[in-house]
């Protein structure tokens, strides 16, 4: 008996999983955030009506124009409190952090060049800076991995259990990385930015994942006086945190690929064994003269 085996390509399966995952995420975000958006719109409309009623001399058109000017000023880095304008974004410390967000492709969006020369330089700066950042992060990630491998090999040789040592050292390395690049920064942002722990953890992960929505940005609150070293420490944390997280993501990808290869091999072995069993059980043709008489 001939069996026709049809296997769906792995790329197609992964593409379907990816599409379903993205659409499911969109549905969940729609459910979680959609009602809040409608509530915020109602609150804004109510506040606008109250303002126009309180200051009847202000026309709605003039109010909307002033709101547009406020949005433009914020995007341009101009911050005002009371009757005075404070320093905007473009200081050396904040500019250095902006450079780091460009080459790391985080791009919070809270600050961006507005001049023609600044925009052209940003393109040129990113053109060479992004590949350089990838190369450097890759080197640092491999360096971190080599330290972990040498440590696990050393203890594995000492206790004569290499696999156990590899698992234990990998777990300890992961916990150290989580502490240095997730837990401690979360506490620091909670302290210096006056965010709650959920907001600080959210910002920490969104930054290291290079998503960078821009709804939360460290060192960007004009009401807070930051230490002079704050922006530099944030930039260093971003760099080494990206190297660590890229290493973790690569290890997870490697584990998933090995797991997929393992299950695929098991499936092939199962099909092969089934084919062999059916071939053995299937009787062969009877040759003439081999019939037995009763």
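Here the Cβ of each residue, glycine as well, is placed from N, Cα and C on the backbone.
The annotation domain 'Potassium channel' is assigned in TrEMBL to 88-144, 179-257. According to TrEMBL, the transmembrane segment annotation covers 12-32, 89-111, 117-137, 167-188, 200-217, 229-249.
Beyond the ends of the transmembrane segment (12-32), by six or more residues, the same chain brings no residue to a C-beta distance below 8 angstroms of the stretch. The domain 'Potassium channel' (88-144): residue composition by secondary structure is 41 helix, 0 strand, 16 coil, according to DSSP. If you take every residue in the domain 'Potassium channel' (179-257) and average the pLDDT, you get 87. Counted with DSSP, the domain 'Potassium channel' (179-257) comes out as 55 helix, 0 strand, 24 coil.
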